[in-house]
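Below you'll find the structure, written out as structure tokens, and then a few comments.
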Amino acid sequence: MSTQASTLIKNGLWSNNAALVQILGLCPMLAVTGTVVNALGLGLATMVVLVGSNVAVSLIRNYVSEAIRLPAFVMIIASFTTCAELLMQAYTYELYQVLGIFIPLIVTNCTILGRADAFARKNPLIPSIIDGLAMSAGFLVVLVLLGAIREVIGQGTLFTNMHLIFGDMARSWEIEVFKNYPNFLFAVLPPGAFVGLGFLIAAKNFIDDRNAKKKAAMKTDEPAVSRRVRVTGNVG
Amino acid sequence: MLSKTSPHITGSNSVGKVMVTLLLTMIPGFACLVYFFSWGYLVNLILASATALAVEAAILKTRKRPVLFFLKDSSALVTAALLACALPPLAPWWLTVTGAAIAVIFGKQLFGGLGQNPFNPAMVAYALLLVSLPVFMTTRWANVDQPSSLLESLQIIFNLSASGIDGITGATPLDSYKQNIARLTSADLLVAPLFNGQWPIGWAQVNIAFLIGGLVMLWRRIITWHIPVSLLATLAVMALLFSHDADAKVPVLIHLLSGSTMLAAFFIATDPVSAATSNKGKLYYGAGIGLLIYLIRTWGNYPDATAFAVLLMNFAAPLIDHYTRPRVYGHTNAVKGYKSDD
């Protein structure tokens, strides 16, 4: 059980990361990662929906026939998305207005339907919850990272408007990284998100490559057996 | 008797030689820019060249490629020179440095270096800066009637002057004509020194100097005639068709002799990497750029159109190449669609 859980967490956060490896959920990722607060808001909403849908799909997995499973999953996801939307409307209304259409569009996020169909419908409740948490956490981390990069390059600030999520005490969290920074619109617009995501994927592949090389180097350090080649018939 | 692999007969033009010739042919036009407008162009050229070479070396090093071998082909210098001609001469120093770095990193090296880039690197950087920093890209032009001295240019570029200049707007003939033709007649407008009849002072000289440089390139066989001729012809035909009424739209001579027309036709559009390949393809490619330049200049909001026109046709170049493959020697043209004897 615990090894399975650690594999699930490792998959979700790194080796099968929804954003960097599966490259799913591109639409919200490119559209709302302009600032950290937008990315965090959408990431949390996605987390709520993904964990909820994984739980529900896992519970009903023995009662839904193959033929109608996809419509059923989409209905479940849509219900959870509506819940998340209403919750945001109630508690973080300003953020709800900023994110706009991208909250209802969580329904179409392929990561969620993908996890429901590929994992939750074949696994019991607990692993499904862990998988949902790990997958959405991996997605959330990439969203926030991309949001931070684009916010610094685009506006020269970090953690601006965090009070939209954390209330008034977060107003002082804003960091002005560069003074008198002229806004660099390219990073704020979607093309900047494409380039930023490209660099994040490249960084992940670079780290993976280096680790693989290290592993390979460790292996060759084992004591070598004699590699002398017999060249005559009488070496002794 | 060792024999090398083919080709056994090669031309005398190496990549480095082509690039250096191109740089030399840009000198007259560049000198006119400095003489008529501002020393800022020269400062920009130095900044852009230094940045481009440094960034190219750094990236070649991280990509584990031979650094000196690729630096020696001078292609980074060509990119820097084109960018220096395109950027506003009195732009702050960091704008030029960012632009040159963007051109080399995003325009060229990320795609795999010289010969692999689908877009013209200098135009990628120009378009990116124009979209990202519109204020700095439109308010730092020099005026023709009062060219700033080298010292003044340096002060403005490095933000050293005590007065702190916010912006210098030099009206371009293209933009000014478009803005004012609604309330003035063509005859009234053209007597202004900015237009000087239809030979705008400074702009016309710069364009003619680039034309001469381009003709030298043609003579040295660095480029073929197809792209410049089709580009200029399409632009002229479009202008004759739609701007025949000089009281309504910018007339043809100002289209040809102002803005960046000649620089675009001979030096930017002819980039062999990002342009179409076959002769027929080059004709279509040049015509497309000419058409887009006219469309964007006339009905768009930007003062000039070269960067976007060239980038859009760079997108189309692979498609053009696909449909304009030359007939292979010894083969007949492929029959497309249904064959008659089927």
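Every residue gets a Cβ built from N, Cα and C, even glycine.
What TrEMBL lists as FMN phosphoryl threonine is B:THR172. Within the same chain, the residues at least 6 positions away from B:THR172 (FMN phosphoryl threonine) whose Cβ sits under 8 Å from its Cβ are B:TRP141, B:TRP203, B:SER258, B:GLY259, B:PRO303, B:ASP304, listed in sequence order.
Taken from TrEMBL, the feature transmembrane segment applies to B:20-37 (among others).
Taken from TrEMBL, the feature transmembrane segment applies to B:43-60 (among others). If one looks beyond the transmembrane segment (B:43-60) by at least 6 residues along the same chain, the residues whose Cβ comes under 8 Å of a Cβ in the stretch are 30, 66-67, 70-71, 76-77, 79-81, 83-84, 87, 89, 91, 93, 96-97, 99-101, 103-105, 108-109, 113, 150, 153-154, 157.
Per TrEMBL, transmembrane segment is recorded for B:93-111 (among others).
According to TrEMBL, the feature transmembrane segment maps to B:123-142 (among others). Residues 37-38, 40, 82-83, 86-92, 95, 98-100, 102-103, 106-107, 148, 156, 166-170, 172, 268, 302-303, 306-308, 310-311, 314 of the same chain, all 6+ positions outside the transmembrane segment (B:123-142), place their C-beta atoms under 8 angstroms from a C-beta of that stretch.
Residues or ranges marked as transmembrane segment in TrEMBL: B:199-218 (among others).
The transmembrane segment feature in TrEMBL is assigned to B:225-244 (among others).
Per TrEMBL, the feature transmembrane segment maps to B:250-270 (among others).
Annotation source TrEMBL lists transmembrane segment at B:282-299 (among others).
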Segment proximity, the transmembrane segment (B:225-244) to the transmembrane segment (B:282-299), 3 or more C-beta pairs under 8 Å: yes
Most Cβ pairs under 8 Å with the transmembrane segment (B:225-244), selected from B:20-37, B:93-111, B:250-270: B:250-270
Assigned element (helix, strand, coil) containing B:THR172 (FMN phosphoryl threonine), judged by DSSP: coil
Surrounding residues of the transmembrane segment (B:250-270) on its own chain - C-beta under 8 Å, 6+ positions past either end: 22, 26, 29, 82, 85-86, 120, 122-123, 172-174, 177-178, 181, 186, 195, 198-200, 203-204, 206-208, 210-211, 213-214, 217, 223, 227-228, 231-232, 235-236, 239-240, 243, 285-286, 289, 293-294, 297-298, 303-306, 309-310, 313
Tertiary contacts of the transmembrane segment (B:20-37), as residues 6+ beyond its ends and Cβ separation under 8 Å: 45, 74, 77-78, 81, 84-85, 89, 141-144, 147, 170, 201-202, 205-207, 209-210, 212-214, 216-217, 220, 222, 262-263, 267
